[in-house]
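First up is the structure itself, then whatever we jot down about it.
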Amino acid sequence: MNKALFLCLVVLCAAVVFAAEDLQKAKHAPFKRAAPCFCSGKPGRGDLWILRGDCPGGYGYTSNCYKWPNICCYPH
């Protein structure tokens, strides 16, 4: 019984370590939480940010158009 309990504890600890490592990688993952969108009069595809009043910083957005209550942000 003690060996089985010890084995379960080891497996649980290993799962916690691997889950924490995966979360650290996810924090630095280079992806945006935006959907594709298109604005009339603008070439290419923009990023649709849902329920935002302005474009978030750090992504290089230079122009936008509003699609109420969302905003479509263009990087070029």
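Please read every residue number as a count from 1 along the shown chain.
Backbone N, Cα and C atoms are what each Cβ position is placed from, and that goes for glycine too.
Note: Swiss-Prot links C65 through a disulfide bond to C39 (candidates: C13, C37, C39). Bond annotation: of C72, C73, only C72 is listed by Swiss-Prot as forming a disulfide with C37.
The disulfide partner of C55, as annotated in Swiss-Prot and taken from the candidates C13, C73, is C73. In this structure the C-alpha atoms belonging to C55 (disulfide bond) and C65 (disulfide bond) are separated by 10 Å.
Reported as a whole number, the C-alpha separation between C65 (disulfide bond) and C37 (disulfide bond) equals 10 Å.
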